[in-house]
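Participant: Could you have a look at this structure, given as structure tokens, before my questions?
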Amino acid sequence: DSLAEKAEEEERLSRRLRDSQETIASLKSQPQQIKYIIKTVEVESSKAKQALCETQSRNQYLQEQVGMQRQVLKEMEQQLQSSQKTAAQLRAQIVMYEAELERAHGQMLEEMQAMEDEKNRAIEEAFSRAQVEMKAVHENLAGVRTNLLTLQPALRTLTNDYNSLKRQVRDFPLLLQETLRSARSEIGQAIEEVNSTNQELLRKYRRELQLRKKCHNELVRLKGNIRVFGRVRPITKEDGEGAEAANAVTFDPDDDAVLHLMHKGKHVSFELDKVFPPQATQEDVFQEVQALVTSCIDGYNVCIFAYGQTGAGKTYTMEGTRANPGINQRALQLLFAEVRSKAADWDYAITVSVAEIYNEALRDLLGKAPQEKLEIKLCPDGSGQLYVPGLTEFRVQSVEDINKVRPASGSCWQAGRQGKAALKLVGCGPDAYPGGGGFFFGSLPPGKLNLVDLAGSERVGRSGAEGGRLREAQYINKSLSALGDVIYALRSRQGHVPFRNSKLTYLLQDSLSGDSKTLMVVQVSPAEKNTSETLCSLKFAERVRSVELGPVSRKAELATWPSQEQLE
């Protein structure tokens, strides 16, 4: 192919060379042009002068054409020489390739001959080996024939056994179905017995769990322990996103009084009297509280206070919203409903007061001068009870009356303040005489319901407060530290309990003594970033739960024996 291409190229170049030579020959045959005019010729007319100029221009053009043809001719001669040189190289390569092909052809013939010899030798060896193997096969065949003659009796025996097995296999599906039916029946019966046993065990376990809880609650009542409920708020958008907003609190599915906190990679478990998960409603919380609330009608002192860091949900649990009220509003509604149900037999006088402690100053939120500082003093009647001289009390007959006199927007529950709302109930009516034999007309001792919303329990360093807010946080921290000292003293049964170390503990002395039923609702955040404060709150809750205040009692105040007219 290369030679053919080179031949075509040479043919093309030869044609161009011939064309160029013909062009040169034609140019040479033309009359020679005058390159230089030595003699000056007088031009007689403008036509002659114009013809001379045209002749000179044509002469110049022809000379340029001759130069270009010569240049082309030179290039063609160079290409021809290059082509000839390339053709010579290709002819040399062809000769070399032909020699190589000849040598390879000879080697191929030699190898084919060697392979033919090897094939013949292999065929001969295979034939010899086949003859030997065939001889061995014939010998083995003779032995097999001998064995067959020997094995015929055994074959007949095997045939009989096979026929017997075949009959058994034909009957096997029926036997298998019968066996499976019997096994299913036995297994089903066993499963029913196990399920029945499990249900009975589960019923007994739940009954024992309820009994244990009931006994525990009764023991708490007899010992006078402060009951402690825990409530975990849901994760909110204010907690942010990422690892800091991860849920660090889990619950025990079998015990609603236990929760677990993941703090610094470790699980810490806490046992309270009741734990409410984030999905618990306000109604769920109040169902556990309402029995305690109604006992103030029977003359007991009741205190419910919320504890926890800022943003943990204390105000929501205590106050709630208009559409979903908390303990405060629900307790008031329940109390007035109970009072109305007993109106035929008892006449109750209910008064309400609202106070706050702000920077260790006690203020009356219902008074005309709420900025006036009040003091806590002992009652002069020698009963040992505390009272606040000058604290405004309003007589109320319904929840609407309380909402009218209560400070707008619930100011006593603003951040940084310790808020306390107190209801005092005095009931008069017939009371059953413990020994039997008739009725006495008398009155119950005053019952009180204290609803307290404590300020945030977070440490000063974590509050980030400055200036006036820092001073406020320091007072809050001091009050809650004093509360912790009181709890420690009560728990360790010390002779002196430092109630007077702060206005908060002094005001709560009635609630933390043996004559009060006290419930603390500890509010915690489940967010990972708040685990340190959550841990502190839950540890404090466990300490509070272990405090024994002694059994709670009430005494009916009976009058003299009534006359017959009074009985009528």
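Every residue, even glycine, has its Cβ placed from backbone N, Cα and C.
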Participant: In TrEMBL, which of 73-125, 391-443, 444-496 is tagged coiled coil?
Facilitator: 73-125
Participant: Summarise the model's confidence over the coiled coil (3-30) as a mean pLDDT value.
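Facilitator: Residues in the coiled coil (3-30) carry a mean pLDDT of 81 in this prediction.
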Participant: Would you list the other residues of this chain near ATP - those whose C-beta lies within 8 angstroms of the C-beta centroid of G308, Q309, T310, G311, A312, G313, K314, T315 - in sequence order?
Facilitator: R233, A306, G456, Q523, S525
Participant: Rank the binding-site residues G308, G311, G313 by the number of other Cβ atoms within 10 Å of each Cβ and report the first-ranked residue.
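Facilitator: Its Cβ has the most other Cβ atoms within 10 Å: G308.
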